[in-house]
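Trainee: One structure, pasted below without further comment.
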Amino acid sequence: MNAVEVTHYGRVSRYLHWGMALLFVWQFLTTSVRVLLSDTALDELLWATHKPTGLLLLVLVVLRMDWALLSRASRPAALNAAARLGHLALYGLMLLVPSLALLRQYGSGRTFEPFGIPLMPGFEGEIEWMVASGSLFHGVLGWVLLALIVGHVAMVMWHRRQGQDVLGRMLVR
Ligand code: HEM
Ligand code: HEM
(Lines of atoms letter the chains of each structure in order from A and count residues from 1; the text may use other names and numbers.)
(Lines give C-alpha, C1' and ligand atoms only; values in the text may rest on other atoms or scores of the structure.)
(Ligands and ions follow the chains in the order given, each with its own letter.)
Protein backbone atom coordinates (compact mmCIF):
# COMPACT_ATOMS: atom_id res chain seq x y z
CA MET A 1 0.00 0.00 0.00
CA ASN A 2 1.30 3.51 -0.86
CA ALA A 3 1.81 5.90 2.04
CA VAL A 4 -0.64 8.84 1.84
CA GLU A 5 1.06 12.24 1.97
CA VAL A 6 -0.03 14.25 5.03
CA THR A 7 -0.88 17.80 3.94
CA HIS A 8 -2.30 19.38 7.13
CA TYR A 9 -1.74 19.53 10.87
CA GLY A 10 -4.57 17.88 12.82
CA ARG A 11 -7.19 19.67 14.90
CA VAL A 12 -5.39 19.34 18.28
CA SER A 13 -2.10 20.64 16.83
CA ARG A 14 -3.90 23.57 15.19
CA TYR A 15 -5.80 24.57 18.34
CA LEU A 16 -2.61 24.36 20.40
CA HIS A 17 -0.64 26.35 17.81
CA TRP A 18 -3.14 29.21 17.41
CA GLY A 19 -4.27 29.27 21.07
CA MET A 20 -0.68 29.53 22.23
CA ALA A 21 0.13 32.09 19.51
CA LEU A 22 -2.64 34.33 20.98
CA LEU A 23 -1.30 33.86 24.51
CA PHE A 24 2.22 34.71 23.30
CA VAL A 25 0.91 37.91 21.69
CA TRP A 26 -0.64 38.80 25.07
CA GLN A 27 2.55 37.87 26.94
CA PHE A 28 4.75 40.08 24.75
CA LEU A 29 2.19 42.89 24.86
CA THR A 30 2.33 42.95 28.66
CA THR A 31 6.14 42.74 28.57
CA SER A 32 6.42 45.59 26.05
CA VAL A 33 4.10 47.78 28.12
CA ARG A 34 6.31 46.95 31.11
CA VAL A 35 9.37 48.27 29.26
CA LEU A 36 7.83 51.20 27.37
CA LEU A 37 5.21 52.47 29.87
CA SER A 38 6.64 51.33 33.19
CA ASP A 39 4.89 52.43 36.40
CA THR A 40 1.69 53.51 34.63
CA ALA A 41 -1.77 52.23 35.61
CA LEU A 42 -1.86 50.20 32.36
CA ASP A 43 1.45 48.56 33.24
CA GLU A 44 0.21 47.59 36.70
CA LEU A 45 -3.01 46.18 35.29
CA LEU A 46 -1.37 44.11 32.54
CA TRP A 47 1.75 43.01 34.43
CA ALA A 48 -0.43 41.21 36.99
CA THR A 49 -1.18 38.64 34.25
CA HIS A 50 2.46 37.98 33.25
CA LYS A 51 3.28 35.20 35.72
CA PRO A 52 0.00 33.22 35.47
CA THR A 53 -0.04 33.49 31.65
CA GLY A 54 3.61 32.39 31.56
CA LEU A 55 2.82 29.37 33.73
CA LEU A 56 -0.15 28.48 31.52
CA LEU A 57 2.11 28.67 28.45
CA LEU A 58 4.56 26.28 30.11
CA VAL A 59 1.83 23.74 30.86
CA LEU A 60 0.53 24.03 27.30
CA VAL A 61 3.95 23.60 25.69
CA VAL A 62 4.56 20.40 27.68
CA LEU A 63 1.19 19.05 26.43
CA ARG A 64 2.02 20.25 22.91
CA MET A 65 5.41 18.47 22.89
CA ASP A 66 3.79 15.25 24.11
CA TRP A 67 1.14 15.58 21.42
CA ALA A 68 3.75 16.30 18.73
CA LEU A 69 5.62 13.10 19.68
CA LEU A 70 2.48 10.97 19.90
CA SER A 71 1.09 12.21 16.57
CA ARG A 72 4.39 12.48 14.68
CA ALA A 73 3.35 9.89 12.09
CA SER A 74 0.30 11.96 11.10
CA ARG A 75 1.93 15.40 10.88
CA PRO A 76 3.15 16.97 7.63
CA ALA A 77 6.90 16.61 7.06
CA ALA A 78 9.04 19.70 7.68
CA LEU A 79 9.66 21.72 4.50
CA ASN A 80 13.43 21.49 4.98
CA ALA A 81 16.14 21.10 7.64
CA ALA A 82 16.10 24.84 8.48
CA ALA A 83 12.35 24.74 9.21
CA ARG A 84 12.81 21.67 11.43
CA LEU A 85 15.65 23.39 13.29
CA GLY A 86 13.64 26.63 13.63
CA HIS A 87 10.66 24.79 15.12
CA LEU A 88 12.98 22.90 17.50
CA ALA A 89 14.50 26.20 18.65
CA LEU A 90 11.00 27.62 19.24
CA TYR A 91 10.12 24.58 21.37
CA GLY A 92 13.42 24.84 23.28
CA LEU A 93 12.82 28.49 24.18
CA MET A 94 9.10 28.00 24.90
CA LEU A 95 10.23 25.48 27.51
CA LEU A 96 13.31 27.27 28.85
CA VAL A 97 12.02 30.85 29.23
CA PRO A 98 9.14 30.16 31.69
CA SER A 99 11.13 27.39 33.44
CA LEU A 100 13.92 29.83 34.28
CA ALA A 101 11.35 32.28 35.67
CA LEU A 102 9.78 29.58 37.83
CA LEU A 103 13.22 28.54 39.08
CA ARG A 104 13.88 32.14 40.11
CA GLN A 105 10.41 32.40 41.64
CA TYR A 106 11.05 29.27 43.74
CA GLY A 107 14.58 30.36 44.71
CA SER A 108 13.33 33.77 45.87
CA GLY A 109 11.54 32.06 48.77
CA ARG A 110 8.39 34.06 48.08
CA THR A 111 4.96 32.43 47.94
CA PHE A 112 3.54 31.90 44.45
CA GLU A 113 -0.18 31.26 44.02
CA PRO A 114 -1.08 31.54 40.32
CA PHE A 115 -4.85 31.30 39.71
CA GLY A 116 -5.22 30.90 43.49
CA ILE A 117 -3.34 27.55 43.43
CA PRO A 118 -0.73 27.38 46.24
CA LEU A 119 2.09 26.18 43.95
CA MET A 120 5.01 27.49 46.01
CA PRO A 121 4.48 27.96 49.76
CA GLY A 122 7.67 30.04 50.17
CA PHE A 123 10.42 29.84 52.79
CA GLU A 124 12.84 31.99 54.77
CA GLY A 125 15.86 33.29 52.81
CA GLU A 126 16.66 32.57 49.15
CA ILE A 127 18.60 30.15 46.93
CA GLU A 128 21.09 32.39 45.21
CA TRP A 129 21.96 30.35 42.11
CA MET A 130 18.27 29.95 41.23
CA VAL A 131 17.59 33.66 41.52
CA ALA A 132 20.79 34.53 39.63
CA SER A 133 20.14 32.19 36.67
CA GLY A 134 16.58 33.44 36.29
CA SER A 135 17.65 37.05 36.49
CA LEU A 136 20.50 36.54 34.02
CA PHE A 137 18.63 34.60 31.36
CA HIS A 138 14.82 34.83 31.63
CA GLY A 139 14.35 38.32 30.16
CA VAL A 140 17.11 38.06 27.52
CA LEU A 141 15.96 34.66 26.26
CA GLY A 142 12.37 35.95 26.31
CA TRP A 143 13.35 38.65 23.81
CA VAL A 144 15.29 36.08 21.74
CA LEU A 145 12.08 34.02 21.60
CA LEU A 146 10.18 37.08 20.35
CA ALA A 147 12.81 37.61 17.62
CA LEU A 148 12.50 33.96 16.60
CA ILE A 149 8.69 34.24 16.43
CA VAL A 150 8.99 37.32 14.19
CA GLY A 151 11.41 35.34 11.97
CA HIS A 152 9.00 32.37 11.97
CA VAL A 153 6.09 34.53 10.74
CA ALA A 154 8.38 36.19 8.16
CA MET A 155 9.40 32.75 6.82
CA VAL A 156 5.73 31.71 6.52
CA MET A 157 5.06 34.84 4.43
CA TRP A 158 8.22 34.30 2.37
CA HIS A 159 7.24 30.71 1.54
CA ARG A 160 3.81 31.91 0.42
CA ARG A 161 5.43 34.40 -1.94
CA GLN A 162 7.49 31.52 -3.31
CA GLY A 163 4.24 29.72 -4.09
CA GLN A 164 4.37 27.22 -1.19
CA ASP A 165 1.09 27.44 0.76
CA VAL A 166 2.67 26.65 4.10
CA LEU A 167 0.00 28.61 6.00
CA GLY A 168 -2.67 26.25 4.64
CA ARG A 169 -0.99 23.38 6.52
CA MET A 170 -1.90 25.08 9.81
CA LEU A 171 -5.47 26.04 8.76
CA VAL A 172 -8.75 24.13 8.60
CA ARG A 173 -8.83 21.57 5.82
C1 HEM B 1 6.66 31.86 27.92
C2 HEM B 1 6.44 32.60 28.98
C3 HEM B 1 7.15 33.89 29.28
C4 HEM B 1 7.70 34.82 28.44
C5 HEM B 1 7.73 34.79 26.91
C6 HEM B 1 8.26 35.88 29.27
C7 HEM B 1 8.93 36.99 28.77
C8 HEM B 1 9.56 37.93 29.54
C9 HEM B 1 10.40 38.99 29.04
C10 HEM B 1 10.76 39.23 27.57
C11 HEM B 1 10.83 39.72 30.10
C12 HEM B 1 11.81 40.90 30.08
C13 HEM B 1 11.17 42.24 30.32
C14 HEM B 1 12.22 43.33 30.39
O15 HEM B 1 13.15 43.34 29.54
O16 HEM B 1 12.10 44.16 31.29
C17 HEM B 1 10.25 39.13 31.29
C18 HEM B 1 10.42 39.59 32.58
C19 HEM B 1 9.94 38.98 33.70
N20 HEM B 1 9.21 37.81 33.75
FE21 HEM B 1 8.61 36.70 32.19
N22 HEM B 1 8.05 35.57 30.57
C23 HEM B 1 7.38 34.37 30.63
C24 HEM B 1 7.00 33.69 31.78
C25 HEM B 1 7.19 34.12 33.08
C26 HEM B 1 6.82 33.40 34.27
C27 HEM B 1 6.19 32.00 34.30
C28 HEM B 1 7.18 34.18 35.33
C29 HEM B 1 7.07 33.94 36.81
C30 HEM B 1 6.69 32.84 37.39
C31 HEM B 1 7.78 35.40 34.81
C32 HEM B 1 8.26 36.45 35.57
C33 HEM B 1 8.92 37.55 35.08
C34 HEM B 1 9.48 38.60 35.93
C35 HEM B 1 9.40 38.69 37.46
C36 HEM B 1 10.11 39.52 35.05
C37 HEM B 1 10.86 40.83 35.43
C38 HEM B 1 12.29 40.55 35.75
C39 HEM B 1 13.11 40.15 34.55
O40 HEM B 1 13.26 40.94 33.59
O41 HEM B 1 13.60 39.00 34.52
N42 HEM B 1 7.78 35.32 33.42
N43 HEM B 1 9.49 38.03 30.92
C1 HEM C 1 0.69 35.04 13.46
C2 HEM C 1 1.55 34.22 13.99
C3 HEM C 1 1.92 32.87 13.42
C4 HEM C 1 1.77 32.35 12.16
C5 HEM C 1 1.15 33.01 10.92
C6 HEM C 1 2.29 30.99 12.18
C7 HEM C 1 2.26 30.10 11.14
C8 HEM C 1 2.70 28.80 11.19
C9 HEM C 1 2.60 27.84 10.11
C10 HEM C 1 2.01 28.14 8.75
C11 HEM C 1 3.15 26.68 10.51
C12 HEM C 1 3.36 25.40 9.69
C13 HEM C 1 4.79 25.40 9.22
C14 HEM C 1 5.19 24.15 8.49
O15 HEM C 1 4.36 23.30 8.26
O16 HEM C 1 6.38 24.04 8.16
C17 HEM C 1 3.61 26.87 11.87
C18 HEM C 1 4.22 25.91 12.62
C19 HEM C 1 4.74 26.13 13.86
N20 HEM C 1 4.65 27.30 14.59
FE21 HEM C 1 3.72 29.01 14.03
N22 HEM C 1 2.79 30.74 13.44
C23 HEM C 1 2.58 31.85 14.22
C24 HEM C 1 2.93 32.01 15.54
C25 HEM C 1 3.66 31.10 16.25
C26 HEM C 1 4.08 31.29 17.62
C27 HEM C 1 3.78 32.53 18.49
C28 HEM C 1 4.78 30.18 17.97
C29 HEM C 1 5.41 29.85 19.29
C30 HEM C 1 6.33 30.46 19.87
C31 HEM C 1 4.79 29.27 16.83
C32 HEM C 1 5.41 28.03 16.81
C33 HEM C 1 5.31 27.12 15.78
C34 HEM C 1 5.85 25.76 15.82
C35 HEM C 1 6.66 25.15 16.97
C36 HEM C 1 5.48 25.15 14.63
C37 HEM C 1 5.77 23.69 14.20
C38 HEM C 1 4.49 22.91 14.26
C39 HEM C 1 4.13 22.55 15.68
O40 HEM C 1 4.84 21.72 16.27
O41 HEM C 1 3.13 23.09 16.18
N42 HEM C 1 4.09 29.86 15.81
N43 HEM C 1 3.32 28.17 12.25
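The backbone N, Cα and C atoms fix where each Cβ goes, glycine too.
Caution: TrEMBL annotation is automatic and unverified by curators.
The domain 'Cytochrome b561 bacterial/Ni-hydrogenase' feature in TrEMBL is assigned to 8-171. According to TrEMBL, the transmembrane segment annotation covers 12-29, 49-67, 88-107, 127-151.
Just tell me what is around each of these and how deep it sits.
Mentor: Only residues 6 or more beyond the boundaries of the transmembrane segment (12-29), in the same chain, are considered here, and those with a CB under 8 A from a CB of the stretch are 46, 49-50, 53-54, 56-57, 60-61, 63-64, 67-68, 71, 75, 94, 146, 149, 170-172.
Remote same-chain residues near the transmembrane segment (127-151) are listed as 24, 28, 31, 86, 89-90, 93-94, 96-97, 100-101, 103-109 (criterion: CB distance under 8 Å, separation of at least six residues from the stretch ends).
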